[in-house]
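J.: TrEMBL lists 57-76, 83-103, 109-134, 155-175, 197-216, 223-243, 346-365, 386-405, 439-460, 472-492, 512-531 with the feature transmembrane segment.
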Amino acid sequence: KTGMPDADTQEKGFVNHMADKEQRAGRSSPAGMQVPEGEKKLHEAVCVLLVELCERFTFFGIVCNMILFCTARLGYPSHQAAMVNMCFVGTSTLTPVLVGWLAEYLVGRTKLVCICMFLHFLGTALLPVVSFPFEDVHIDRRHVLLTLPKREQKIVFYFALLTASLGIGGIRAIVCPLSAYSLEDCGPKELLSFFNWFHWLVNLNSAVVFVSISYIQQSVARNLGFLIPFVSGLMAMITIHMVRGEMIYKPKADSSLLTTFGVIFSALKTCCVRHRYLSTAVPSWLDHAKENHGGHYSETQVEGTKSLARLFPLFTFQILYRTCIMQIPSGYYLQTMNSNLHFGGFVLPVAAMNVISIVPLLILVPILECINSWLLSSKDAGHSPTIYIVVGHLSAALSVMAAGISEIHRKHFPQVEQTLSEELLLVSSMPCFHLAPQYILLGVAEALVTPSCSLLSFWLVPERMRGISMHFLALFNGAGCFMGALIVQTAHAGTQGSWFPHLLHEGKLERFFFFLASLMMVNTLGFWAIAHRYNNLHEDCTNGFRGSLPGEKLLKHAKAIKHYNSVLESSPILSPVEKT
């Protein structure tokens, strides 16, 4: 009795959604001319991709030399500078989840994107204030040094990072959500291809940023370097303003994070009460949240949460992997900074070594596309790319192990003087290119793991849960960044600075790398043990409950009705009387 109105309401919602979609497709241009749908979609895709690249430009521009700035200008020890960098990356990863929730339930999307653009502008504008020393000011023929005191400088710096990360979160969540790329009707092969090329473009952009901005910040005019994120952020805001009617994507109503957490807490609460007083057998502990088992949530909501809970082991094993990836802007950066950067009379920027980790990804993506076309071409097999994740995790463990070996090798070289950001440092005379293997191995890991995890997170849940699934993947990736900062702080405090020293030649940084490599090896074996759960994409999604949810069935019926109507409209055989 109670199930019929619920299904009726869902059916009306899906029909209204399809009607809105058709109405949007036939929207007129300002001049009253009908815009072809294909041209409109291409225009939207180009605009979204442009803003995505501009946002990444600002993000990598802030990250690429933050450790050098914190140690040389703010006087931070090495471990603290690495922690600041990792926490900023983690915050920028988590803010899209928070901003997406605010846009959906508390603040309107248009209003919130304006607020986030302002925060992004404010943060990128304040960073030059911190970095620019105003040393060349002359008043009445007297040279005057105008600079912020250290305490105020740090306050402005942290405030700028916080506002910039909130702005980045708003752009990623509202202007450039994954749903804006219209991936609903794509199969596993098309999705993996999309994620491969999407990350390929992002990393191509980051390679350009690491080379150009790091050189400007370090060698030409280091105080001008933070102006480039400001200019790039301004370009992104102008782009959003010019095409805001096309770009501010309004997703359809989906399950929310609050609903998902509510199902979990309700199931735990009911499960504890039932276990204490009654013993009722249910297929899954999450079934306790259903209304017919004493909970407060519908069967559709609980079944969607159950599909998401299947992915929690996958998400959990990404935490330590993300910690290893975060060694590029932290531990590996410090190693490179303390190595010989001279190459043919030219001083290489420290962050330019990051390009070595990006090159394997740019090369591997076309190769992986050929492999994927064979791996996912068989409709009967439906192979899952979990083998990519296992090999990628192993590559990350080997990379960190290679970093420990490189650190021992680096200390065997005599020390030389090297100037970085107008600071004279004693560094190892080992050429920085000896560190290339560890960068290459992490680049291979990223090429294999990130697109595959995105595919599994997107495909192995019902369509209405895909946004929530990607949010959870972002939450666990952000947790990996903060886990990295926690491990650095624990290693530094627990060994009195020996495992993560300020001066690398006086400490044992290699022990930190070996410890992290051993943890990552255990993590790899753990994921390999459970990888079989995600092996068959077609069995898990086509024949599983993904197609059994009432909402999914209604959406398929609505699409079938729309296709049938279009056939009737375009059929030359039927007469006008028969069509009506």
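All positions are counted from 1 along the displayed chain.
Placed from the backbone N, Cα and C atoms, the Cβ positions cover glycine too.
A TrEMBL annotation is a machine prediction, not a hand-curated record.
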J.: Test the contact criterion for the transmembrane segment (472-492) and the transmembrane segment (346-365): 3 or more CB pairs under 8 Å, pairs 6 or more apart in sequence, then answer yes or no.
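T.: They are not in contact.
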J.: Would the transmembrane segment (155-175) and the transmembrane segment (197-216) count as touching if the test is at least 3 Cβ pairs under 8 Å, pairs 6 or more apart?
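T.: Contact criterion not met.
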J.: Sequence-remote contacts (6 or more beyond its ends) of the transmembrane segment (386-405), Cβ cut-off under 8 Å?
T.: 317, 321, 324-325, 327, 331-332, 335, 368, 435, 437-439, 441-442, 444-449, 451-453, 456, 510-514, 516-517, 520-521, 523-524, 527-528, 531-532, 534-535
J.: For the transmembrane segment (346-365) and the transmembrane segment (57-76), decide whether they are in contact, meaning at least 3 CB pairs lie under 8 A, counting pairs 6 or more apart in sequence.
T.: yes
